[in-house]
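Feature annotation from TrEMBL assigns compositional bias 'Basic and acidic residues' to 355-370. TrEMBL lists 371-383 with the feature compositional bias 'Basic residues'. Sequence annotations record features per position, and here TrEMBL assigns compositional bias 'Polar residues' to 1017-1034. Per TrEMBL, domain 'Gem-associated protein 5 second beta-propeller' is recorded for 33-342. Taken from TrEMBL, the feature domain 'Gem-associated protein 5 TPR' applies to 509-717. According to TrEMBL, the feature domain 'Gem-associated protein 5 RBS' maps to 775-1108. For 355-469, 1003-1043, the entry in TrEMBL reads region 'Disordered'. Feature annotation from TrEMBL assigns repeat 'WD' to 274-316, 317-359.
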Amino acid sequence: IKCWDLASLDCCWTLPTLGGFVYSLTFSPVGAGCLALGVGDNMIRVWNTLTTQNQYDTRSFWQGIKSKVTALAWHPKKEGSLSFGTDDGKVGIYDVFSNKPPQISSSYHRKTVYTLAWGPPVPPMSFGAGGKSSYSLYSCAGEGVILQHDLSKLSGEASDIDKLIRDTNNIKHKLSPHTDLSWKPDGKVVAIGNEDGCIDVYQAPSLKLLCSIQQHHKIINTLRWHHDHSSPPELHCLLASGSSNAIVYVHDLRSIIENPQESPVVLTEPYRRLCGHTAKITSMAWSPHHEARLVTVSYDGTAQVWDVLQEEAVSNYRGHVGYLLCVDWSPVDPDVIWTGGKDFTVQEWRVSKQEFTKPPKGKKMAELREKKRANPKQKKKNNKASGAGGAAASEMNGGPATGGEKIVTGQELSGEDEEDEVSSTSSPVPPPATFEIPRKSTTAAKSKDKPDTNLLKKKKPRSMLPISTSMDHRPKEELLQDCITLASVKHNSVPPAGCVPGQGEHIHLGLFSDRQALQRMFDSEEEGHVEAGHYDSVVYLRLWSGDVEGALQLATEKGELNDHLLSIAPMAGFKVWSQTVEAYVKQLCLQEQYLKAASHLLSINKLYEAINLLHSHKLYREAIALVKARLPADEPILKELYSSWAAVLEKDGHFSAAAKCYLAAGASFDAAKVISRKNDVSSLRAAASLARISGEVTLAQSLALRCAKDLAAAQNWVEAQEVLSSQESLLVHRLHLCITELLSAMLADSVVVSQSSVSSHPWASPGSGHISIQDRVRVVWEEQFGVSQTSAGHHSARALLQELKSVDSPAPSASIPFRQVLLYSSLHLTHSVLSWLLDDDEQLIKELWQAVAWLRDSGHFCASAEFCRLLFPDGDVTVCSGKHPKTLHLTGEEAKAAANSLQAFVHYHRLYECWWSISARNQRIHNGLSVSAAGDEVKDRVMNRGISESGESVCPPTRRLDKLDLDASLLLSESHAACQATQRSIREIQERLAAMVLQHSRAPGGQLGSGEKQADAPTQISSSRESPDRQGSTDAGKRPDDQESFLSLSSKMSEHQKQLADLPETIKMYPHPDVVECCLILLHFTKSSTSVSESLQQEAKDLLRKYGSSPSVLKSSRPFLT
């Protein structure tokens, strides 16, 4: 688009436009601000986004590109080297700084190229790599194949990495088609997404399988590794993934990559889950400026920015019309993101200026789904009489049927609309009853009951000799003359002049003369039939004259062969009959009568041709029946037919039928995998049983664990144990579920949480008496599972503990559902009990600390308090058991720190219990009058933490306590108070810096210099469990005397970080409860009780004076310090 000045005839400005969907956009890692666009108008644009002269400084590249550009990838080191992939399967490399045509790889994909990635070479290209490039180009396309292209010789054949994967990992079964790949920035591992939703992580260069992530259950569309520059090492191994469902999952693979196991690990739980999108995820990008900041785009038409660690939605952009296909973060501005999509536009937008934080609810899509349910599409029927058999058979064999669920088998992003996406994924999978033979038409049934009067009217047949017949309808005089002429021919040796019977004006006389005259008449009649297009009449005239071969040849040429002609073909000889059958088969195929055509091929002993005919037209059922009826059982073509049929059925969503085909083909692994794709409990259970029966032990264990996990999440404990009991090797997981069931029942019994189980075991019913949960676990393990201190073999504690180490546990998060939190907490409790059986006291106390930390750090205050009471009824963490006399003896510093931290939290919860008990009693004494305002402020804050997980009630005191029966001095640790104060200061500075950057980004044209001040910068605190010292940070950010420069804040941040680094690691690894908070509660406690000593009160006051500097703490502590 150009804007012209009509007065001077000069061009004012030029706006480049795009002629298609924007399929890919990516910034160069070497050339800052160089943005490449892959567009559906068969061109690549390279846009210099940092130029000051021309805002739209773009160059277009079209040479060698004949279809849509669907994938792009810049070379990580070589400036200007841009690889591209196209809709027709072509892969090439452009040098954007030269005018040369692109280098095109000689290896083509059969379908659209969706992903390109640069990575280290793997065998065979890594062999003899001297002098070769340190990078190879990898391409993934719609057919599910990943090719490795050799940059030094693009004319050579690219290698399929599946062969290396099979050889390295000794895989015999069929690999799931690949849909995406992503190399970790350091090139050590590669993640490959598959069509079945599984993500496999391989170690380079041998591509040894490290782990399999079985989180998604639909096709993987995009994978991205977190960048490894200027971020904590624990973030370097974060892998984000998006599929055709709307949830984004992030997995932390650090432990797996740094300490690989002998056998591949199966992950079924994410590190973080990001929920909000309402349609499938198409692309994503990590921010290079932030830690764990991710942007995703979706078919819901929006781009979403996430804070991954907090699992929070930060900003949502809704400026596009239609779905989005690509996204990338600006390499120079942390607040700018670029997106492209269906609306033919690339848009640049700022995160800080968006009105919304989450994607829309998806009202339009919900309406479409409702409309789909109300008006389901009917199957289209083929009404052609000639094609009825073929159409019905195709439907029965898994051909294109509109009634079943459409499973997307490739990232078909090029031509779908949003409405098409909804309709293609929301229809249910039909039951197996759809595989039935169509019933006879109702018309035929009616004809038996009452004849149709129209059918009774006889239609006059077409004459075989129409020309001679028409000569009999001339005037009377001419007919009489015919008689005279015929008499002359019969009785004279020479016919009258100009009279040739059977020809010309006397064609009709051929019927009354000799055979030669009749043949002449037939010839004339044939010419008339040919002109009229009545070839069947010509065929019959030739048959009557005895020219069988000529009749068959004409019928073959004109496509008029039929069963009658085929039946008389042997009269012309075997060769003519065989040729006629072959011609008739071709004719039937054109008429889509494939079953009949195959039957006729059998008549001339062409069995394999008949099988191939049925196979090529997807009549798998009939083809298999024919093979099994005519050929030996070990015929190779049979396996090929089963595999092809299974692929079609799997694509159409008929997973059970596909599994039967895989089983018949001897592919038990694939059969189990395809059944598990349904991902409901019954399917997973059937798949696990199938894999176990077939000898696929590893897969059977994985599927059984997935099924048991779903059953446990639904509180169906009995069936969960039944699923795991079918395999002896899963004993340790049964022990884990046993502890989870016991813990759930005991917490529900204490009214801390409200949960109802679908089914439970008798041994899980709450018991009576003063017994810890560890003692109950040991009793149940010994009685129900045969696991005790004296067990040997697979039941020994050492063997079970070794197996349990393969189960990964993510970091606690407040967004994880409570039932999942119980599973993770009980996992550490399982570790601790097994360590107890091994007399490993140090590991025991560490695992107990982790078990309590899971409930505490995920925000379940009351559950954490009750869990501590169940673990240590006497309040002493060194007394592990009362029934089995056990006192911990700890020698290591780390174990002692864990024990002190755990004891501090036990005291912390008992402190609150005492305070609640006395406060409740005082409330009754004062007839509902509350204590001091400062005390209420703290108490209200704490009482909010006591809300149960169902959100219905406040955590009550479990018993009445009139005095403080604990060693409160452990709660007043000055070293931990100093650590907590430093951490609070760092958080406050981070918030103020973030607010300063946000304010600066909103001010147009501002430059953040060393002298610029922060003016009324708001700070936000998202945690609901913040300490009193942090409550005044918002006020502090608004006071003029607190306004500081960017450099001074950065300097303070460095000082605090240095102070934090100088503290012992055990203090940071095993924290104590908030010391300032404990000081306030102890001092409030003295108003109602005399059990707090003077020395303890003085220590609490000293700590408040030293570390309680926030306005809210100063206000709350004023009554005690003045």
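Keep in mind that glycine also has a Cβ here, set from the backbone N, Cα and C atoms.
Sequence-distant contacts of the repeat 'WD' (274-316), counting only residues of its own chain at least 6 positions beyond either end whose CB sits under 8 Å from a CB of the stretch, comprise 218, 221-222, 224-227, 229, 231-232, 235, 238, 240, 242-250, 322-329, 331, 334, 337, 339, 341, 349, 351-352, 354, 356-362, 365, 411, 413, 418, 421-422, 813-815, 1022.
Looking just at the repeat 'WD' (317-359), the mean pLDDT is 94. Residues of the repeat 'WD' (317-359) grouped by DSSP class, helix first, strand second and coil last, total 3 helix, 19 strand, 21 coil. For the repeat 'WD' (274-316), residue counts in helix, strand and coil come to 0 helix, 23 strand, 20 coil, using DSSP.
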